[in-house]
Amino acid sequence: MKSAIKYKRVLLKLSGEGFGDEGGRGLESERFDTLAKEIQKISRTGVELAIVVGGGNILRGAKLSNTGKSRVQADQIGMIATAINALFLQDTLEGLSVETRVVSALEIKNITEPFVLRNCLQYLKEKNVVIFAGGTGNPYFTTDTAAALRAIEIKADIMLKATQVDGVYSDDPRKNVSAKLYKKLTYMDVLSEQLGVMDLTAISLSMENKLPIIVLNINNCKNIEKAISGKPVGTYIGE
Ligand code: UDP
C-alpha cells in the first residue's frame, strides 16, 4: 500500500454475514480467506488493527427468541457464535503469518484470552491484530455496540463498519434502485432519520464519544485501503 496512512489505529467491524454464503449464512472458508488477505495487507502497512466480529451468519439472539426461546440465553448463544467466527478468522490469518490475539468478553478458558484493556493496547503496539469476540459480554446488545465500545476503549482513530453495500442509503439499495447513497452524515442524521445502518445504542455511544465511523463495502478490495489513507469511500458519519 503506497498511500499515506491517515488513521493509525483502526477498529474494523465485520458482520457475520460477510463470512457466510450468498444468503449470509454459515461459515464459508473462501470468504474468510478473502477477508484475511485484506487484513494481512492492512496489518503490513503498520496500522494498529482491532476487529470486532459479529455472529449473524450463525445466529442472532433476537431472531431466536422470537421462536419462544429465552432472550438472555439466545443472546448468550449469539455471543458464542461470534467466538466461532473469531477463531475461524484467527486460524485463517495465522495461515497467512499474521500475528493475532483473540480476546473474548465471555470467558472461554484455554481458547481465548480475557478482555484486559491494558493487554490489548500492548498487543496493538506490537502490531498484533486483536480480534474481539463475545460482543460486550452482555445480552440485549449487538456487536455494532461492542465495536463502538471497543473502539472508544482502545482510542481508535476511526471505526470502519464493513457492509455488503456501498455505504448508507436513503432506502435499501437492494430493493429500491433509486435509493440515494449518502457521502457524509452526522450522528444526529442517522438517529433522527433512523437510517438503520447500526443500532441506536451504537450510534449514540459513538456520538457521545466523538468516534468517527466510515461505512463501506467490504466486497471492493480497495475500500479499506482507501479509508485508512483518508480517501473518500462509502459514508462518513461524524459530527
Ligand atoms: N450479542 C449479545 N451481546 C453483544 C453482542 C452480541 O448478546 O454484546 C448476541 C446477539 O444475540 C446477537 C448475536 O450475538 O444477535 C450476534 O451478534 P450480531 O447480531 O451483532 O452479529 P452481526 O449482525 O454483526 O453478524
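Placement of Cβ uses the backbone N, Cα and C atoms for every residue, glycine included.
Site annotation (TrEMBL): UMP is bound by Asp75, Thr136, Gly137, Asn138, Pro139, Tyr140, Phe141, Thr142, Thr143, and the candidate from Gly55, Gly95, Gly167 recorded at this site is Gly55. Spatially, by CA atoms, the binding-site residues Thr136, Tyr140, Thr142 include one closest to Ser15 (ATP binding site), and that is Thr142. The Cα of Thr142 (UMP binding site) lies closest to that of Lys13, out of the binding-site residues Lys13, Thr163, Tyr169. In this structure, Ser15, Gly55, Thr142 are the binding-site residues from Lys13, Ser15, Gly55, Thr142 whose C-beta falls under 6 Å of some atom of ligand 1. Listed binding-site residues: Tyr140, Tyr169; maximum Cβ neighbour count within 10 Å falls on Tyr169. In this structure, of the binding-site residues Ser15, Thr136, Asn138, Thr142, Thr163, the smallest number of CB atoms within 10 A of the CB marks Asn138.
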